[in-house]
Amino acid sequence: MKIPFTKMHGLGNNYIYIDLFHTDLPEERLSELAVKMSNPNTGIGSDGMILIHPAEKAEVGMRIFNKDGSEGMNCGNGLRCTAKYVYETGIVNTKEFSIQTKANVVHAIVKVNRDKEVEEVTIDMGEPILQREQIPMLGEAGTKVINEPFQIADEILHVTAVSMGNPHVVTMVDAIDEAPLTTLGPIMEKDERFPEGVNAEFIEVVSDEELHFRVWERGSGITEACGTGACAAVVAATLNNKVTKGKKVIVHLAGGDLVIEWKEDDHIWMTGGAETIASGIFYA
Ligand SMILES: N[C@@H](CCC[C@H](N)C(=O)O)C(=O)O
C-alpha cells in the first residue's frame, strides 16, 4: 500500500499527516500504521500520525494517533499544523474555519504572509473540563483536583488535573530542569487513578505571564511540546493563583513558545507556529 504523507511539526511536536480528503486508509489498519510510521528506523520517525478528513460538524476533521498506536482525543500542536495544511492546500479558502476533533469543534484563525504561507495559527480551544470524573480521575465524583496531594513512588506531589478533551495532570516544580520527567512521567501516565491514562506535565512559574513547561505524553513519552498540555498548564497555574485569568501567558516549551490565554468567558486561546518538514510516499 502506498500512502502519500506530509510530516509537520508544532514546536518540535511532529506527526505524519495523512490527507483523507484525497486518500483512503482502512480503519482497521490505523493503529498499526501509526506505530509503523512513527518508528525512526523502519518508518519515517514521529510522535504519531494525524488524519485530516472531511467532517460532519466542521469544515475539517482531525484524528490523532500516538506513537504507540493509541488514539488521542485532541492535539493542540496537531490543530495548528492541520490549520496550516488545509489553508495552504486549498481545502479551505477562508482564514477562519472550524476543525472537529474527537473531543469537540474548535475555531482556527490563520495568519498568512505575502507568499500565502501560514506563519502562525490561533485556535479557540474551547473550555477546560475540571470535574474529576470527566478527566477521568478516580476519587470523589463532583470534586475538582486542585493542588491535591498525590503519592507516587516514594514522593508526594501536589497535582492539578485538567481535561482539554484529553487528560492532563499538572505538577508545579521549583526548577524545570529538575522536573522528574523521565522517572515519574511514565509512572504517572499509567497510574491506575487515571483509568484512561494521562499526559503528565511539570511547570515552573516564572511570573504571572510566563511558565516553563515539560511534558511526558500519554502514548508517546517525552515530546518537545504539547499544545493541549500548555493550555492545561495555564489553567492549573490560574487555579493555583499563580497567573491571572484573562491575561496572556507565554509558555516556554522544550521546542519553543506558545501564547495561551484563558479568557473570562472560559475559552482558552492558543497561538503559535506550525511548520512543514517534508512530504512523500510511505510504503506500508
Ligand atoms: N501532542 C498533543 C497531544 C497528543 C495526544 C496525547 N498524547 C493524548 O494521548 O492525549 C498536543 O499538542 O496537544
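Each Cβ is built from the backbone N, Cα and C atoms, and glycine gets one as well.
Annotations in TrEMBL come from automatic prediction, not curation.
As annotated by TrEMBL, substrate binding site applies to Asn13, Asn66, Gly76, Asn77, Asn166, Asn199, Glu217, Arg218, Gly227, Thr228. Secondary structure from DSSP puts Gly76 (substrate binding site) in a helix.
Marked as active site, proton donor by TrEMBL: Cys75.
Look at TrEMBL and you will find Cys75 tagged as active site.
DSSP classifies Cys226 (active site, proton acceptor) as coil under the three-state reduction. According to TrEMBL, the active site, proton acceptor annotation covers Cys226.
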Round to a whole number and give the Cα-to-Cα distance in Å for the pair Glu217 (substrate binding site) and Cys75 (active site, proton donor). 11
Cβ-Cβ distance under 8 Å, sequence separation of 6 or more, same chain as Cys75 (active site, proton donor); the residues meeting this, in order, are Tyr15, Ile50, Met62, Ile64, Thr101, Asn166, Gly227, Thr228
CB-centroid shell, 8 A cutoff, substrate site Asn13, Asn66, Gly76, Asn77, Asn166, Asn199, Glu217, Arg218, Gly227, Thr228, site residues removed: Ile64, Gly72, Asn74, Cys75, Gly78, Val215, Ser220, Thr223, Cys226, Gly229
